[in-house]
C-alpha cells in the first residue's frame, strides 16, 4: 500500500452488543450487578483466607489467588464495557486496546495454570495425604504460583510479538465489547496467517495442556477414591474436589469453544456471550461455589460477620 494512503489508527470503536437502547440499559444493569457481586464476593474470599488461620492451607492459598485473578480480569474488561454502553463514540485508544488485550490474556492464562496447580494440590491431598504437608509446603506453593505467572507470560509472548508490529491502517471498528484477539486481527491491513496460527497454537497448548494435567490428576484422584472402603470416606474425599471440578468445567468449556478453533470470525456474536460467561458470570459464581459447599469457609464467614456485628454494637 502506498505510504500516502495509509491511515494511522489512533483508537478503536468497540461495537459491544448493538441492541436497542432499552435492551442496552437492561444489559448494563445486569452486568453492573454481576460485576459488583463479583468484586464483593472475591474480595471477601481473599480477606477470609488472609485473616482466618483456619484457612491458612495450600488449597485456600490458591483459591485466594484465583479470586484475585477474577477481580483483575473483570476489572480489565467490564468497566470499559459499562462506560461504552452510554458513550456516543464507544472508543478505546490504540494503546489502551493493546494493553487491555495483553493483560486480559496474561491474567486469563494464569488462571488456567492456577486451576491445573489446584488439581495437583487435590491429587497430593487425596492420593498422598501423609506426605501432603511435606510436598505442599510454603516454598512449593509460592514456586507454583510464580511458575503460573511466568508460564502464562511465556505462553502469550509469541502471539504478542507477532501481533504488536502489524499495521492498522483501515477500519477501526471492533465487533466485540473488548479488544479480543480475533476481531482485532481482522482489522490488520497485512497478512495475518502467521499471527493467527501463533494465536491458535498458543491457545491450544495452554488450554489443552493444562486440561490434560487436570485430567491426569483427577484420574488418579478417582482411582484412589474408589479404593476407599467406606462410603462416607469416599463422599468426604470427593466433596473436596466438587467446587474445583465445577469451576474447571465452566472455564474450559467456554474458553475452548472461543479460542481453540482455527476459524473464529463467523460466530462472533456467539463468542460475545461465551466471553460474558468467562469474564462476568463465572467470576461472580466462584465465591458461591467455593463457599456454599465448604464448611470451613462458611464457618469463617459466619465468625467474621459475628465479629463485625459485635464491633458495630460497641460503637
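Using N, Cα and C of the backbone, Cβ positions are placed for all residues, glycine too.
Nobody curates TrEMBL annotations by hand; they come from automatic prediction.
What TrEMBL lists as transmembrane segment is 25-48 (among others).
Annotated domain 'G-protein coupled receptors family 1 profile' per TrEMBL: 41-290, in sequence order.
Within the chain, the transmembrane segment (60-82) has long-range Cβ neighbours (under 8 A, six or more residues past its boundaries) at 14, 16, 28, 31-32, 35, 38-39, 42-43, 45-46, 49-50, 92, 100, 103-104, 107-108, 110-111, 114-115, 117-118, 121, 141, 145, 177-178, 247, 279-280, 282-283, 286-287, 290, 296-297. The feature transmembrane segment is assigned by TrEMBL to 60-82 (among others).
For the transmembrane segment (102-120), same-chain residues at least 6 beyond its ends with a Cβ under 8 Å from one of its own Cβ atoms are 59, 62-63, 65-66, 69-70, 72-73, 76-77, 144-145, 147-149, 151-153, 155-156, 160, 178-181, 206-207, 210-211, 213-214, 217-218, 244, 247-248, 251-252, 255, 278. As annotated by TrEMBL, transmembrane segment applies to 102-120 (among others).
The transmembrane segment annotation in TrEMBL covers 141-162 (among others).
Under the heading transmembrane segment, TrEMBL lists 204-226 (among others).
Annotation source TrEMBL lists transmembrane segment at 238-260 (among others).
Look at TrEMBL and you will find 272-292 (among others) tagged as transmembrane segment. Remote same-chain partners of the transmembrane segment (272-292), defined as residues 6 or more beyond its termini with a Cβ less than 8 Å from a stretch Cβ, comprise 17, 31, 34-35, 37-38, 41-42, 44-45, 63, 66-67, 70-71, 73-74, 77-78, 108, 176-178, 180, 243, 246-247, 250-251, 254-255, 257-258, 298, 301.
Counted as Cβ pairs under 8 Å, contacts with the transmembrane segment (204-226) are highest for 238-260 among 25-48, 141-162, 238-260. Among residues of the same chain six or more beyond the transmembrane segment (238-260), those with a C-beta under 8 A of the stretch's C-beta atoms are 59, 66, 108, 111-112, 115, 118-119, 122, 125-126, 181, 199-200, 203-204, 207-208, 211, 214, 218, 221, 225, 271, 274-275, 277-278, 282, 285-286, 289-290, 293-294.
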